[in-house]
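What Swiss-Prot says about this one:
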BINDING   58  O2 binding site
BINDING   87  heme b binding site
DOMAIN    1-141  domain 'Globin'
MOD_RES   3  phosphoserine
MOD_RES   8  phosphothreonine
MOD_RES   11  N6-succinyllysine
MOD_RES   16  N6-succinyllysine
MOD_RES   24  phosphotyrosine
MOD_RES   49  phosphoserine
MOD_RES   102  phosphoserine
MOD_RES   108  phosphothreonine
MOD_RES   124  phosphoserine
MOD_RES   134  phosphothreonine
MOD_RES   137  phosphothreonine
MOD_RES   138  phosphoserine
């Protein structure tokens, strides 16, 4: 459960991420593919090279979904319901991959906003991403 301080930290962080969400999403995906090569198996039809249009497009989807989640912190299940269905029933993504992408997202945000990435913000974003991951895997049962 996100505390009021966590919610403030997440909203503040996403205020700074703002127009860069698609860029950061793509960068986090690239980090994930490089650091955890087994994650590439879910994207056999993608050009996974640096800067590819497909990775950028998927990064935009990731960024948009996280921005939507940050805008609906008090009702993540409703905000992410369609995405949860997609990942559970059609894509069947192994839940561990959400943790890997979350880690890469944190690294990306820290790299772009080192002065703002305090331990408190780090903890809040980590909780937020864990909550998003929980919602996305909630329909796997």
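Using N, Cα and C of the backbone, Cβ positions are placed for all residues, glycine too.
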Given residue 16 (N6-succinyllysine) and the residue listed as 'O2 binding site', what distance in Å do their CA atoms have, once rounded to a whole number? 21
Looking only at the domain 'Globin' (1-141), mean pLDDT returns 95
To the nearest whole angstrom, what is the C-alpha distance linking residue 134 (phosphothreonine) and residue 8 (phosphothreonine)? 20
Provide the number of Cβ atoms within 10 Å of the Cβ of residue 24 (phosphotyrosine), excluding the reference atom itself. 21
What number of additional C-beta atoms lies within 10 angstroms of the C-beta atom of residue 58 (O2 binding site)? 17
Helix, strand and coil residue totals from DSSP for the domain 'Globin' (1-141) stand at 108 helix, 0 strand, 33 coil
Give me the CA-CA distance between residue 124 (phosphoserine) and residue 102 (phosphoserine), in Å, as a whole number. 12
Let me make sure I understand the structure: which of the modified residues listed (8, 49) has the fewest other Cβ atoms within 10 A of its Cβ? 49
